[in-house]
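Now, the feature entries from TrEMBL:
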type     : residues : note
COMPBIAS : 26-48    : compositional bias 'Basic and acidic residues'
DOMAIN   : 642-909  : domain 'AB hydrolase-1'
REGION   : 14-66    : region 'Disordered'
TRANSMEM : 85-106   : transmembrane segment
TRANSMEM : 152-169  : transmembrane segment
TRANSMEM : 181-198  : transmembrane segment
TRANSMEM : 210-228  : transmembrane segment
TRANSMEM : 240-263  : transmembrane segment
TRANSMEM : 297-318  : transmembrane segment
TRANSMEM : 324-346  : transmembrane segment
TRANSMEM : 403-423  : transmembrane segment
TRANSMEM : 435-452  : transmembrane segment
TRANSMEM : 458-479  : transmembrane segment
TRANSMEM : 572-591  : transmembrane segment
Amino acid sequence: MGFNWPGMTRAMLRSEQNNAAATNADHIEPADPEKARDDNEKLGEPGSHDVNSSEEELTKVDTAAPQGTQKVQAMTHVWSKRDLILAYIFIWLMEFILAFSSGALGTMTPYVTSQWELHSLTALTGVISQLIAGIWKLPYAKIMNVWGRPQALCIGVLCTTLGLVLMAACKNIETVCAAQVFFYVGYNSVDFSVTVFIADTSKLKNRGFFIGYAASPWLIATWVYGPAVTSIMGPNGVGIPWGFGILSVVSPVVCLPIVFMFFKNEWKAKKAGLIQPRPNRGNFAQTVFYYLKEFDAVGLLILATGLALFLLAFNIYSYQAEQWKSPLIICFLVFGFLLVIIFGVWEAKFAPITFVPWPLLKNRTVIFTYTMAASMYIGWYIWDSYLYSLLIVLFDQTITHATYINNVYTMGSCFICLVYGVALRYNGHLKWYSLFWGVPLMILGVGLMIKFRQPGQGVGYIVMCLVFIAFGGGVLVTSEQTTLMAVSKQEDFPALLACESMIISIGSAIGSTIAGAIWTGVFPARLLANLPADAMENFALIYGDLTVQASYPVGSPTRDAINLSYAQTQRYMLISAVCVYSITLISVALWQDVDIASSFLNALSPIANYSKSIIMSTDMKDFSSNDGYQLAYQDVGNPSLPPLILLHGFTGSSQVFKRNIPGLSQKYHVIAPDLRGHGASAKTPHGFHVSRLAMDLHNLLSHLKLTEKGSVKCIAGSLGCSILWCYAELFTADVFSHMIWVDQAPMQNYAFDGSWGLEQGNRGMNCEDSVKGLFKGLGEDPDTVHRGTIAACLSYRSHPLLSDKISDETFNADEAFFLGEAQKGDPVWYAQLMKDHTGLDWRNSIRECFGGRKENETRVLVVASSRSGCFPAKGVLAAVGFVNQKAEVGGKAEGVELQWGGHWCYWEDADKFNALAIEFLQRN
C-alpha cells in the first residue's frame, strides 16, 4: 500500500468540516486497542501473540454488523476461561429446570382443564401455544442481533416465569391458553439463546458436543418430573397451583446467574472500549421508525401472518364440520401460502434491511439442510403420532411402561449427541456421519417397524427400532444445526436457525396431517372389515376412544380385530415415512463436505460479502519463520484444489480479503498470510524489510510443501507485489504459474535521472521528505495517518463520482474496519517498513527475473486503477512492459486499467475482482 500524505490531509479537512468525527454521535469510532489489549491480557484472552491465541486475535468487532452482534463480538474478547466454564454450568442448570418445568406443565395441564370439564380443549391450547412460540423465533432472532443476547435472554426468562405464574393463578381456559403461550414463547426463546450462545463461544469442531451437552438435562428430567408431579398432585401434595407457584420462583432464580454473567461481560466489554455507544436515533418518532426498519417489521408481519394462517389450518381442520372442505380452512391455506410467497418477494426486492440472509438461502448446503430438516420431521410425525396409542392397545402396555418406551428416543438421542460431539472433534465430516450413519439408522428403525408393529411381535423389537432411530436422529439434529453455523457469519446464526425452526414447524404440521389423514381414512375402514358382528354396535366408541379399545381382553376376537386394524393402518404410516426419508437421504448427499475437526471457521470474524457463499474449510493456522517467530495465515477451502496465495499490503492483514475468499475458495485452496508485524502474526522488533517478508513467504511455501514448479498461484496487492518481486530475485518465480499484481508501481520514489516521476511514482510517498513526514505522523498521531491512507486507497474517497452513492454507514464501516486492522501493528515499525519499501527500485529485477529467464513461465496480470489515490495507472502498467521486454515469443504479462475501484479494488467490488482474477488464473 502506498502512503498518501494528500489523502491524509483531505481526511483531516473532512473531519474539521464535519465538526470532528469524534464528536458526532452517529460516527463509529474504533475501540482503543491499548486499553482493550491491557484488559484482555489480564484475562489470558486476545492480545498475546503465542501460538494458541491466533484464533482469538481474529475475533474483531465488525462495526458494520447490527448493534447486538457487535456486542457479542466484543463480549467474546472479555470472557475469561473461568467465566465460560461457569456459564456452561449455569446453562446446564437452566436447561434442566426448563426441561423439568416443561414436562410438569405438559403433565398437569390436562388436569387443570379437566376441572372445568374442558379436557377436550387441552390439545387445542397446546396447538395455539406451540404455533405462536414457533413463529416467535423469527422476531426473537432479530431482537438478538439488534438489541443483544443478554436483553433477548431476559425476555425469554420473563416470559417463562409469567407463563408459570399464570398457570398457578388460572381460573379459566383462556388463562390456561395465555399461560401456555407465554411459557412456550419463553422456553423456546431461552433454548434458542443457548444454541446461539454455543455458536458464539465455541469452535465449530466443538459445537456438536456442546449442542448435545445443552440437551443432556433431559436425560435426568425425563425420569424425575413424573414422580414430582405425582407428589404434587397426591393426597398429601401441595396441589397444582402451589406446584406451578414453586416453579415460578425456582425457574427465574436458576436462570439469574447466566443472565448476570451475560450482562457482566457486556459491561466489561463496554469498559474496555470494545462496544460503541448506541448512536442517537433522533426523536421518538425517528427512533420508532428506525427500529421498525431495523426489525423489518413489514416483512415479519407478512411472514408471521402467513405462517400463522398456514400452520393453524393443519391444526384446527379436524374441529371443522367439513374438515378440509371448510371455507375457513381453504382460506387459511391459500392466504397463508400467498403471504409466505409475498414475504419472499418483499425480502428479495423491497426490504430496506432484510431479515433473512438472502444470499445464503441460495447456497445449496443451506437449501438441502432445510429440505433434510423438513423431510425428517414430516417422516417423524407420520410414524410417531400414534405410537403411544399403539403401545397401549396393540402391545398391551401400562401407561407407565408406554411412557418409558416413548421416552427411548429422548434418552437415546441426547446420549448419542454427546458421543457424536466428541467424534466430531477428531473426524469432523458432518456429511459422511449423516449420510452413512444418521439417515440409514433412521430408515432402518422405521423400516423394521413395518415388520414389528404387528400382532404377535414382542415390544422389545419396538424398543430396538426406537434405539436405532434415536441414534440416527440425534446425529442428524446435531448435523443440521452445525452445518448452518458453518456456512454463515455470526450475525446470521439466529436468522438461519429461526428459519430452520420455521421449516421444522411446517414439516411437523404436514407430517401430523398426513398421519391424521391415514388414520381417519384407513383405521375406521379396517375396523369395519375386521370387527366381529357382535362388536359392530360399539363401532363408534371403539374408533373414537382409546380407553374403550384397551378395555377389551387380550386374545378376545374384538381385541384381535382392533390390534389387526392398528397394524394395517400403521403399515401405511411406516411405508409413507420411509418414502419421505428418501428425501432426507438425497438432501444430505447434496451437502458440501467440510471437515470441522481440522478446520476453524471463525464465527466471530464476519464475512462481509458472501454473495457466493459456500461452506468453507477455514483455519487460522501458524508456521515458524526461520528466525523463530510464529506467523499466522488463513487456510480456506478444499486442500485438493490448486493453491492460491493472497498477499495483503501495508498496515492490512489477511482480513482485507474476507470479501474475496468465499468466491475464490470455490476454485482454489486459499492461503492468506498475515505479514509479520501485521494482523495476528508476531510483532517482531526487527524484520521491517521487504527482503525479510519475502523470506517469510519462502518459509510459508516450504511449510506447506509447495515447491514444485508452476504449482502455486498468487494475488498480491500493493506491498505484496514488492514482496513477490523480491522473492523472484532471491528464489526465482518458478514455483508460481500465475501472479496478479494489484496497483503497485515498480518504484515509489521519483528517479534522480528523470526516468520515473510524477506520471509513474507514488502520489505521496516519493521522496526522503515524505518518509520523514510519515515517521513524524506515525509517531505523534498514527490514527490520523491511517485515516489518510484509507482515504487514498478507496476510490469513492480519493476520486469520488456522483454515481458512487456511498452511504454514511458504508463510509464509517469501511474506515472503522481498515483502521482496526492498522491498529494491530506498531506505528514506528510500520514507518520503518515503508521507508524500506519506498526506497526500492524493482524495474530491472522485474525485467530480468520474469522476462529475462527462459526457465520462467510465470504468467502475470497487472491491475491498475484510474481512480487510485496511490499510483498513476501509467506507473503500475509499466510493469507489463518490463516483463515482456525480453520475452522472445509473445509476452508473459498483460495489464488492465479498472474504472470501478481504487487501490483496494478487490474490497470495493469483490465480485467483479474475483471474476477478473478467476478468468486469468484459469488460463493455461
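Our numbering is plain: 1 for the first residue shown, then up by one each step along the chain.
The backbone N, Cα and C atoms fix where each Cβ goes, glycine too.
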Contact between the transmembrane segment (240-263) and the transmembrane segment (403-423) (3 or more Cβ pairs under 8 Å, separation 6+): no
Tertiary contacts of the transmembrane segment (324-346), as residues 6+ beyond its ends and Cβ separation under 8 Å: 298-299, 302-303, 305-313, 316-317
Within-chain partners of the transmembrane segment (152-169) [C-beta distance under 8 Å, separation at least 6 from its ends]: 68, 98, 101, 105, 108-109, 112, 140, 143-144, 175-176, 178-190, 192-193, 241-245, 247-248, 251-252, 255, 258-259, 262
Winner by Cβ pairs under 8 Å against the transmembrane segment (572-591), considering only 85-106, 210-228, 297-318, 403-423, 435-452: 435-452
For the transmembrane segment (435-452), sequence-distant contacts whose Cβ falls under 8 Å of one of its Cβ atoms, 6 or more beyond its ends: 376, 379, 383, 458, 461-462, 464-469, 471-473, 475-476, 479, 570-571, 574-575, 577-578, 581, 584-585, 588-589
